[in-house]
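Colleague: Sharing a structure, written as structure tokens. Questions coming.
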């Protein structure tokens, strides 16, 4: 089945090289297709690494090993396999990952645990060791490539190639942050894992990089949802080569730490938005803003309940300012709320305030807003100061076509 | 928009009268339509009542008042308004409900709190008091009607009329249990509240009726899901007139209590299944069986995570035995599970055992099973003895058409 490019797609941005990062791609032929499907990033000695991983407890061996090895704090290489997720494959799947780690670490003369592996694609089929071995051998011999080629090679069912860039001034030193990501929700034929990688030449200690990445994840990768389903392989890794030569950042007390944190958040948010923009069947990009909850966490859970509601998502797909469905979603979130204090609006126009439809509600500007590609839905819980923003897409016939009509 | 009758529909069953219950219907014209939309059930003096209500905290005034009044344990009348849910309408909505309670209780000479009111339909518009007053006045004057007419009148977006019957022998006394229900998931134009009513001539004390209804709800109304969304008005009420003349049932120690409990469970399960069979766009009725969880509650939550997963539901719609999506859904349920102990099957055929695809997996009988109308999905968690069954339907283009394409 051919899947059309998302109408919400964004062009691949100009992204500068990151000192200490060399990208290469090759064909491992994990599937019978005419494309590169193995991506390799070689990282300078001393590169710091941080990572966040899926909370799905039926996770892949790649996630198990990555979660463990990221604790050591250093990385020398990343391998990404596309076409086979190696998930739910037992010990045979784990052997394939360990083989790759050994092969690459032998080549680089580094610790096996400094080689990070991700896989995405069909599940239940162990990653074929022979194809992995030949593919890795091939990729180590190829010429370096650019960001867009690497971003394209990690993709599977993505309808466009995704990258994001930010720069930050750490005192007098400019550092670059370049990110690539793949994922379009959980998509046919199996699960469209979200795999994201951020590379920077900043010098930063691993523990603080982890702290900043975890914090940035809250307002980005953990604040998006396409269909409430969660891949068994979702992974975001940040690599910092230190080649920019800035004074090492160890905490927020160090000059430039705030600027770096802001740039990292920026890149994470850009990347997260691109995944939503490639949501299966997405026609609209939806921002759900919740204010007035009893806490930020409570607001976040309410926002997710709204963003995951099939009825809210189909209403917006239909251009219907159906605030009743929003009330329903708030009510089922399991968080403190009071029907008679709820206010709901679309695109800056209130439709209901304090539990009742507005007497002078004017549907015209709201309908106009809902016809657009970017929709904002605002909810005021009226109880406290907790707030959160979550992004999602609408639920359309395209989602069903991609996920139900496909037969392998 | 015309919505076609569900392909999973069932004919309305033969249902005997229940002594002490008189049904009437009338036109209140809550909407501009050519049909009856007000249902009245008059109940003999001394009728016991029990109820279960939505957990959605943004619930309607009808639910608030019903939840409060059911504690008194007796009922004399039920009024059901179709076409206007009266939800999210503040004090004006509550006034309309109280007006109906007063009007009916004045007529019957009973306590106001013995009159139960439900409303279903458009939300955010207070139930018009004048139409309610005229409708109630009219219904009190009409000739009694049968079960199917009453069941049809409580319906809104239902594509077929739903009823269920069971009988039980309490010693030498035969008692009847007749149930009617409306609901088809949360459906356009607003929320398709599930409203269910069970009438019996058995003599049973209210507290024990409540205990039995709550228990029966676990394996019926709380074990179904269409799209994970929850109406703000969901209500199930059980009325026992006592006219059968059996010795009053007060606890499981009384003869016939077990038989009555079994019949009540039977009727509740039948009614719950009918709602799933009218799920928006449903083409397949899916039974999700989870065994081997650490507890029954854990099994129930895992089963719901599977039954609510858009990816599992679309896979089954497409006839795809995609056990990988089931693994994903188990993993995201937040319950104890071990990837390497999971087994998954369809229609009695295992596809994966102990965390790995079966070497001799034969797709032919599974594909055959998935082509049918009734699909069974079995999961063994492999950790304990907890088990649960949940019913749902597949997710198809029909769901999107009903919920997104509709414009009021």
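Just so it is clear, glycine is given a Cβ too, placed from its N, Cα and C backbone atoms.
Caution: TrEMBL annotation is automatic and unverified by curators.
From TrEMBL, here are the annotated features:
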{"type": "ACT_SITE", "residues": "A:193", "note": "active site, nucleophile"}
{"type": "BINDING", "residues": "A:156, A:182, A:193, A:280, A:403, A:408", "note": "substrate binding site"}
Colleague: If I take the alpha carbons of residue A:193 (active site, nucleophile) and residue A:182 (substrate binding site), what is the distance between them in whole Å?
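Modeller: Approximately 8 Å lies between the Cα of residue A:193 (active site, nucleophile) and that of residue A:182 (substrate binding site).
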Colleague: What subset of the recorded positions A:182, A:193, A:280, A:403 has a Cβ positioned less than 8 Å from a Cβ of chain B?
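Modeller: From A:182, A:193, A:280, A:403, the ones near chain B are A:403.
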Colleague: Among all protein chains shown, how many Cβ atoms are found within 10 Å of the Cβ of residue A:280 (substrate binding site), not counting that one?
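Modeller: That number is 28.
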Colleague: Going by DSSP, is residue A:403 (substrate binding site) sitting in a helix, a strand, or coil?
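Modeller: The three-state answer is helix.
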Colleague: Kindly assign residue A:182 (substrate binding site) to one of the three DSSP-derived states: helix, strand or coil.
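Modeller: Where residue A:182 (substrate binding site) sits, the three-state DSSP reduction gives strand.
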Colleague: Check the binding-site residues A:156, A:403 for other C-beta atoms within 10 angstroms of each C-beta and report the one with the most.
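Modeller: Selected residue: A:403.
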Colleague: Provide the number of Cβ atoms within 10 Å of the Cβ of residue A:182 (substrate binding site), excluding the reference atom itself.
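Modeller: So the number of other Cβ atoms within 10 Å of residue A:182 (substrate binding site) is 29.
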